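K.L.:
Pulled from TrEMBL, these are the listed features:
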ACT_SITE  His307  active site
ACT_SITE  His352  active site
BINDING   29-56, Lys435, Lys437, Ser515, Arg542  substrate binding site
BINDING   Asn308, Glu337, Asp339, Glu386  Ca(2+) 3 binding site
BINDING   Ile645, Asp647, Asn671  Ca(2+) 4 binding site
DOMAIN    20-127  domain 'PH'
DOMAIN    137-172  domain 'EF-hand'
DOMAIN    173-208  domain 'EF-hand'
DOMAIN    486-602  domain 'PI-PLC Y-box'
DOMAIN    602-731  domain 'C2'
Amino acid sequence: MAQNGTAGNHGLEGDADLQFLLVGGELVKIRSNSWKKNRFFKLQEDCKTFWHESQKVFKRNQTFSIDDIDSVRKGRQSEGLNKHTDPRVEEQCFSIIFKGRKKNLDLMAPSGGEAKQWVNGIEKIITNMSNLSRQQKSEHWIINCMRKADKNEDNQMTLKELKHFLRQINVEVDDTYAEEIFKNCDKSNSGALEGSEIKHFYDLLTHREEIDVIYEKYAETEGQMSTTDLLNFLLNEQREQVSRDYAEHLIEKYEVDGKAKQKKRLTIDGFLMYLHQEEGSILNPAHKHVYQDMNQPLNHYYISSSHNTYLMEDQLKGPSSTEAYIKALMKSCRCVELDCWDGANGEPVIYHGYTLTSKVVFRDVIKAIKDYAFRTSEYPVILSLENHCSVDQQKLMAHHLISILGDALVTKPLGDTMPTNFPSPEDLKGKFLIKGKRLNKLDAAFNNNNTLEEDTVSEEDEAADCKENGQKAKSKKSKIKLAKPLSDIVIYCKSVHFNGFEHAKDNQAFYEMSSFKESKAFNLADTSGTAYIHHNMDKLSRIYPAGSRTDSSNYNPVPMWNVGCQIVALNFQTPSKEMHLNQGRFLPNGVSGYILKPEFLRSLSSQFDPNTLTKGPWLQRKTFHIMVISAQQLPKINKDKHKSIVDPLVRVEIYGVPADNASKETHYIDNNGFNPMWNERFEFNIQVPELAMVRFVVEDYDSTSQNDLIGHYCLPLTSVQSGYRHVPLLTKRGDVICSAGLFVHLMLIDAP
């Protein structure tokens, strides 16, 4: 192809680590103690695809893309390397962690220096790719597809190769149209496109008619946008309260033409560039960082929480793994669950009791949690213990928690006096809290009162409930002896049985919290919404999925957030609409895993009930206007079917209080995933905007079976920017689809 492979790697030309990867080298691929094989790996010329040899009969050569990589870990940081290699080769080891369910690649280089070069090189390319604008990413994507379509690698494209290319980028073009574009571009009449002709062809393909219309409306200065024109657009169309200086700053930042920039003008290319950046995104850029008050008591926040964190798949036979904890923590999950049982050799283990799920050593999990807890968020992590261990192994659990977590573990209340309220996420930065049973009141930590209430405590209903499908489920009130060292490190999250809101109000201290099975919690939310909200104003509540969900499916978290429940635990390992909602809920505020609840869920005078909506500060009636304009570069769903092209439709869903729940969808468009255009308008009436979430779903229409998900994006209504906006799209597992997106127009106005 005429385009150079490093198109997407501006700034890395000549980089020693990059050159090292392009040359490639032998690495040992490690799968088990006995499966360790030499494989040659190298980065291909496109600087985006890795090639490696394989011994599989049908797959002599295998490739994976930089886009598939989640992270690279230096050293023996994966479960596999930890288990199957000697500590002495620490320096030579590294792991490539993939997005989704693809297995880690555990590798060993011939020397520490080479391992370092592999890791540095891969990290540089990942960083470089993520710094590309969406504009550059889509160009990168198109150039890659062109390279694949150029079958005989002669840097020219025949009509046949052109059709193959169009299919690659998900555009079905009838023969006459394909010939038309081809003739139009083949200025040299050579029967093939090359160099600038390919560029012309690319420009014709990427032309955005809908952007032209908007640009022409505002570009009133010799066919270009002056600072004044851009300011008009920002004030009137984007509804942004900004100054002339800000408009100048955008031109300086995004204009690509030097002459236009000198004149303080924005060309159509600069305008498109702006629309593709964070300023043109649907998510308010101010919300991408921590912007909320983090000094309120802990229970005033929604806390991103995981259930059965140790599972990679389902609850009956799936593998348990430290990797599952790392994945959840790296998604800013701030409350993880540890289901602890007596293990062989006196070492406690974590697994799903009474099932065939594999076991993972408690100590290894705590080490992994310590290493990864604060990489994406510095706010506190709650370790929710479900304890089935004997006293001796409980003592060992306490020992591991104290010795491994060290100063980061909260082992006594903050301050010198008995607290009456929770500390804030800010106070607890970088700290771990243990949630579990405690033998006495918290004031014992101050007055040396070691009177134990009882040295056996009733194990929470949860354990029995979760195992209700297990063969050996014990009676619900099974007694368990509790070791004092483990009891003593439960400070702010003491588990107690729930006996009704009145009883809790009169008898429960703020640090005593209950866990509710989803059916119980939904019932309470429906029948006693306001009481539940008041309960959550000074206590924590944890909700967990029913034990009957053996496939690790999820319940809808929204009704639980509506009544102020903080720890709404979901199966993070299960990609689902419910997890998409969770990802959307915790997208703002710097993806910190903490979101401040609305004022009416924190204020003692509030009489809010999501089901009845009486008058109050929560009622702020709005009309939400959405125009779904177009989509760009939607991925092919059925990659194996050579000729399959998507028939996309877009659905807009609102989740919030029952009165606000709604869903509307566009018609579908035949055979165009590259640049489908809908121009359909929708209107939603919103009663309680502070609890509303917006979800965009793009599906491949199928008249004979269920539509396939192409991509989705979810965010709180309060984080939506008005005007013309690009909406990124995520895969089912929640990873960004690099070059795909929706283009929409949004307006939130006060209802009459």
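In case you wondered, yes, glycine gets a Cβ from its N, Cα and C as well.
I'd like to know what surrounds each of these features in this structure.
P.N.:
Sequence-distant neighbours of His307 (active site) (same chain, 6+ apart, CB under 8 A from its CB) are Glu337, Tyr544, Pro545, Ala569, Leu570, Asn571, Phe572.
Every protein chain shown contributes to the tally, and the Cβ of Glu337 (Ca(2+) 3 binding site) ends up with 26 other Cβ atoms within 10 Å.
Asp647 (Ca(2+) 4 binding site) counts 19 other C-beta atoms within 10 Å of its own C-beta, drawing on all protein chains shown.
Per-residue pLDDT, averaged over the domain 'PI-PLC Y-box' (486-602), rounds to 94.
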K.L.:
Around the Cβ of Lys37 (substrate binding site), how many other Cβ atoms lie within 10 Å? Please give the count over every shown protein chain.
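P.N.:
Step by step: centre on the Cβ of Lys37 (substrate binding site), count other Cβ atoms within 10 Å, giving 12.
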K.L.:
Anything within 10 Å of His352 (active site)? Look among the binding-site residues Lys37, Glu45, Thr49, Asn308, Asp339, comparing CA atoms, and list what you find.
P.N.:
Asn308, Asp339
K.L.:
Check the Cα distances from Glu386 (Ca(2+) 3 binding site) to each of the binding-site residues Asn33, Phe41, Thr49, Lys435 and keep only the ones within 10 Å.
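P.N.:
If one measures from the Cα of Glu386 (Ca(2+) 3 binding site), the binding-site residues that come within 10 Å are Lys435.
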K.L.:
Using the structure shown, find which entry in Glu53, Glu386 (the binding-site residues) has the sparsest Cβ neighbourhood within 10 Å.
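P.N.:
Fewest other Cβ atoms within 10 Å, among the binding-site residues Glu53, Glu386, is found for Glu53.
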K.L.:
In the structure shown, which of the recorded positions Lys29, His352, Lys435 has the fewest other Cβ atoms within 10 Å?
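P.N.:
Minimum Cβ neighbour count within 10 Å, taken over the recorded positions Lys29, His352, Lys435, occurs at Lys29.
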K.L.:
I need the least crowded one of these binding-site residues (Asn308, Asn671), counting other C-beta atoms within 10 angstroms of each C-beta.
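P.N.:
It is Asn671 that, of the binding-site residues Asn308, Asn671, has the fewest other Cβ atoms within 10 Å.
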K.L.:
Go through Asn33, Thr49, our binding-site residues, and report the one whose Cβ sees the most other Cβ atoms within 10 Å.
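P.N.:
Going through Asn33, Thr49 one by one, the largest Cβ count within 10 Å is at Thr49.
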K.L.:
In this structure, which of the binding-site residues Glu45, Asp339 has the fewest other Cβ atoms within 10 Å of its Cβ?
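P.N.:
Fewest other Cβ atoms within 10 Å, among the binding-site residues Glu45, Asp339, is found for Glu45.
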